[in-house]
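Peer 1: Grabbed the feature section from Swiss-Prot, which reads as follows:
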ACT_SITE  E105  active site, proton acceptor
DOMAIN    111-344  domain 'Radical SAM core'
DISULFID  C118-C349  disulfide bond
BINDING   C125, C129, C132  [4Fe-4S] cluster binding site
BINDING   G175, E176, S207, S230, L231, H232, N306  S-adenosyl-L-methionine binding site
ACT_SITE  C349  active site, S-methylcysteine intermediate
Amino acid sequence: METTVRKQKKNVETKKPSIYSLQIHEMQDWLKEQGEPKFRAGQIFDWLYKKRVKNYEDMSNLSKGLRDKLSNSFDITTLNTLVKQTSSDGTIKFLFQLYDGYSIETVLMRHEYGNSICVTTQVGCRIGCTFCASTLGGLKRNLEAGEIVAQVVEVQRALDETEERVSSLVVMGIGEPFDNYDNLMGFLRITNHEKGLHIGARHMTVSTSGIIPKIYKFAEEELQINFAISLHAPNSELRSKLMPINRAYKLPDLMEAIKYYVNRTGRRITFEYGLFGGENDQVEHAEELAALLKGVKCHVNLIPVNYVPERDYVRTPREQIFLFEKTLKDRGVNVTIRREQGHDIDAACGQLRAKERKEETR
């Protein structure tokens, strides 16, 4: 089922900072500048993240003067829902319009253990992975922290209708998260904070294609967030073909950074490995992958790829997927095959946005 909403006009000239970009201490600092007590920050966050109001007038325990100051300083309406697709398995894909007319995707996935959301960090992507729809059209801009936070808020509002909640999230949507590092970290801290969305750090996962300097930086952060690497190949030659970023950040150097992260944090790392028919899915690839990961505290997530019309890759046959998994297991690698969701909608990352861009150019 698909629901489509009319687009809003661009409103670039009147753009104010999003209130969802502010961490609690930043809100306290702003209140101090306004001559307001800092305990109001907790009240404001309660309205934003617990009651999830859509306008300042609903913040009834704040004075009209403070509500006016908030309205004059910060946008509270960040996203406009353009399209909402619901899969037969309960997966929901949202296409949101931003203030400047660009669109982004967010996906809600339902699991036995709860509801997970996949968020976007950029409008487009500059990494150029040859199998990904997100890179079509290149990178337009980074999202502000508040635009990432607002994705979770909007999806949670949709879940409020059925008294459900977002229990976990993955930063695996459109864009390279580490290419927007500061806004990513602001988002994670707001999302994790008890006064914010209060999603536990161990229920959040950040994925990167392998920007090595940011991996070292991420290892020093004081957040116990799960970490994943988009690997997709067991050697440099094949990875450079699939992921041009490997030409800048070589696989041996990436593995050194990963080992540093694991040793520094003590946390297990996840390797995402998309299976592309005839490209990286043979037994010899599995054997090479097992050798590459030997001694690394890790888990491999095998991903049967979604078909993207603009790309030439095909799905690996089911029996070959199981053989690849068995080859890894026989060599002591912790591995699972990712459950497919949203297969009957535009579920691959960037597909719905690419479809929307095509409509715009007609």
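Heads up, the Cβ atoms here are built off N, Cα and C, so glycines get one too.
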Peer 1: Determine, to the nearest whole angstrom, how far the Cα atom of L231 (S-adenosyl-L-methionine binding site) is from the Cα atom of C125 ([4Fe-4S] cluster binding site).
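Peer 2: With distance taken Cα to Cα, C125 ([4Fe-4S] cluster binding site) is 17 Å from L231 (S-adenosyl-L-methionine binding site).
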Peer 1: Which of the three DSSP states, helix, strand or coil, fits L231 (S-adenosyl-L-methionine binding site)?
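Peer 2: Reduced to three states, the DSSP call for L231 (S-adenosyl-L-methionine binding site) is coil.
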Peer 1: If you count CB neighbours within 10 Å, which one among the recorded positions C118, C129, L231 has the smallest count?
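Peer 2: Sparsest of the recorded positions C118, C129, L231 by Cβ contacts within 10 Å: C129.
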Peer 1: Indicate whether S207 (S-adenosyl-L-methionine binding site) is helix, strand or coil by DSSP.
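Peer 2: Its secondary structure by DSSP: strand.
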Peer 1: Which value does the mean pLDDT take for the domain 'Radical SAM core' (111-344) in this predicted structure?
Peer 2: 95
Peer 1: Starting from each candidate's C-beta and looking 10 angstroms out, tell me which of the binding-site residues S207, S230 has the most other C-beta atoms.
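Peer 2: By the 10 Å Cβ neighbour count, S230 comes out on top.
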Peer 1: Across all chains shown, how many C-beta atoms besides its own are within 10 angstroms of the C-beta of C132 ([4Fe-4S] cluster binding site)?
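Peer 2: By my count, 25.
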Peer 1: Any idea what the Cα distance is from C118 (disulfide bond) over to E105 (active site, proton acceptor), rounded to a whole Å?
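Peer 2: Between the alpha carbons of C118 (disulfide bond) and E105 (active site, proton acceptor) there are 9 Å.
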Peer 1: What three-state secondary structure does DSSP assign to the residue listed as 'active site, proton acceptor'?
Peer 2: strand
Peer 1: Translate the DSSP assignment of G175 (S-adenosyl-L-methionine binding site) into the three-state scheme.
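Peer 2: The three-state answer is coil.
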Peer 1: How many neighbouring Cβ atoms, not counting its own, are there within 10 Å of the Cβ of E176 (S-adenosyl-L-methionine binding site)?
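Peer 2: Step by step: centre on the Cβ of E176 (S-adenosyl-L-methionine binding site), count other Cβ atoms within 10 Å, giving 26.
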Peer 1: Would you measure the largest Cα separation among G175, E176, S207, S230, L231, H232, N306 for the S-adenosyl-L-methionine site and round it to whole Å?
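Peer 2: It comes out at 19 Å between the most distant Cα atoms.
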